[in-house]
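What TrEMBL says about this protein:
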TRANSMEM  20-41  transmembrane segment
TRANSMEM  57-78  transmembrane segment
TRANSMEM  84-102  transmembrane segment
TRANSMEM  114-134  transmembrane segment
TRANSMEM  146-169  transmembrane segment
Amino acid sequence: MELGTELGYSIASLDNKAYIVIIGLILGIVTILAEPAVYVLTNQIEDVTSGYVKRKVVLFTLAIGVGVAIALSMLRILIPELQLWHYLLPGYAIAIGLMYITPKLFVGIAFDSGGVASGPMTATFILAFTYGAADAIEGADVLVDGFGMIAMVALTPPLIALQILGLIFKMKSKKGGLE
């Protein structure tokens with residue numbers, strides 16, 4: 001955890017604050033790629049769907065989703081006026097709305113992925129990184145901004161990104177005459 005905290009603090013202390021958002025995006029992507037539970041989940045999804053939903057597609061979607069969630073969390077640290085509810089309220093409204101138009105298979109996958117995306121790698125290294133960044137930024141609340149990141153990771157990749165992936169699959173299957 002010490003390394004994550006130091007890294008977050010060092011990058012957030014730089015004059016160009018855009019670096020913390022970009023590094024947050026990259027770390028979010030890399031963290032999911034290093035998360036063992038993600039590989040178990042993606043392999044199970046590919047097995048259960050008999051290869052219809054490819055493991056790499058789900059992995060890519062989760063990685064991009066977590067990267068975006070971390071980048072948005074870093075942006076929230078930089079802009080004190082952005083509150084956690086500004087992300088969560090519309091995010092959950094979108095997620096609930098998507099549930100009605102997304103294939104049920106993907107809704108289930110999305111909700112199962114929430115716990116995996118916010119797993120041990122995210123909850124240790126990225127939380128420490130966020131803590132360090134919030135500590136370096138004047139006006140940021142270390143506790144609120146740090147733990148708000150976990151809520152963002154639990155929302156964005158699984159509940160929004162994977163349901164959007166489900167809509168893409170739905171459109172492709174209609175186009176190909178599969179539905």
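We number each residue from 1, going along the chain as drawn.
Using the three backbone atoms N, Cα and C, a Cβ is placed for every residue, glycine included.
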Best-contacting stretch, by C-beta pairs under 8 Å, relative to the transmembrane segment (114-134) and drawn from 20-41, 57-78, 84-102, 146-169: 20-41
Candidate ranges 20-41, 57-78, 84-102 - greatest C-beta contact count to the transmembrane segment (146-169) (under 8 angstroms): 57-78
Tertiary contacts of the transmembrane segment (57-78), as residues 6+ beyond its ends and Cβ separation under 8 Å: 12, 17, 20-29, 31-33, 38-39, 41-42, 45-46, 84, 86-87, 109, 113, 116-117, 122, 126, 130, 133-134, 137, 140, 145, 148-149, 152-153, 155-158, 160-162, 165
